[in-house]
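In what follows, a single structure is set out as structure tokens and then discussed.
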Amino acid sequence: MKCLLLALGLALACGVQAIIVTQTMKGLDIQKVAGTWHSLAMAASDISLLDAQSAPLRVYVEELKPTPEGNLEILLQKWENGECAQKKIIAEKTKIPAVFKIDALNENKVLVLDTDYKKYLLFCMENSAEPEQSLACQCLVRTPEVDNEALEKFDKALKALPMHIRLAFNPTQLEGQCHV
């Protein structure tokens, strides 16, 4: 018992913290998320994931394409070596409709938090591998315009998560995002 209390005390003192996203969308219809999207806002658990134009998870989602197998193809833009590069990521379906497995950008899961399919989609990319646990989330919109309702939902979803940096883009910045 003393060892258990000591271990618990050490864990609390050392700040051991797992990043866990508990809120995912129920009943996601992957076919309805297909199409063009724009990255309106981003947030991350670690400042270095988004702080610079070429930061590892500062990516701009361009399009989501469901595959016949039920996976999700994610087309995105990312700054690399001083220029904009297009990337394609395949997010593999899992038993949970709103959770996908990926092996890209040093992340291992994509979780859809919420969407109305027509205007906005909120998602997070999670790396649960020790010791580099990290979380980055985005608010996507269908048109390159600021959507205050979507931003409010994004901020509400982030409250339960350990975010340390948040970026939001105005319409001019949305139009000027990394494009190939």
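Keep in mind that glycine also has a Cβ here, set from the backbone N, Cα and C atoms.
Residues or ranges marked as signal peptide by Swiss-Prot on the basis of experimental evidence: 1-18.
A simple way to gauge crowding: the CB of C84 (disulfide bond) has 14 other CB atoms within 10 angstroms, across all the protein chains here. Positions annotated as disulfide bond by Swiss-Prot: C84-C178 (among others).
The number of other Cβ atoms within 10 Å of the Cβ belonging to C124 (disulfide bond), over all protein chains shown, comes to 25. Classification of C124 (disulfide bond) by DSSP places it within a strand. Here Swiss-Prot flags C124-C139 (among others) as disulfide bond.
Its own atom aside, the Cβ of C137 (disulfide bond) has 24 Cβ atoms within 10 angstroms in the protein chains shown. Among the features that Swiss-Prot reports, disulfide bond is placed at C124-C137 (among others).
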Candidates C139, C178: member of the disulfide-bonded residues with the richest Cβ shell (10 Å): C139
Distance check against C124 (disulfide bond) for the disulfide-bonded residues C84, C137, C178, keeping those with Cα within 10 Å: C137
Three-state secondary structure, C178 (disulfide bond) (per DSSP): coil
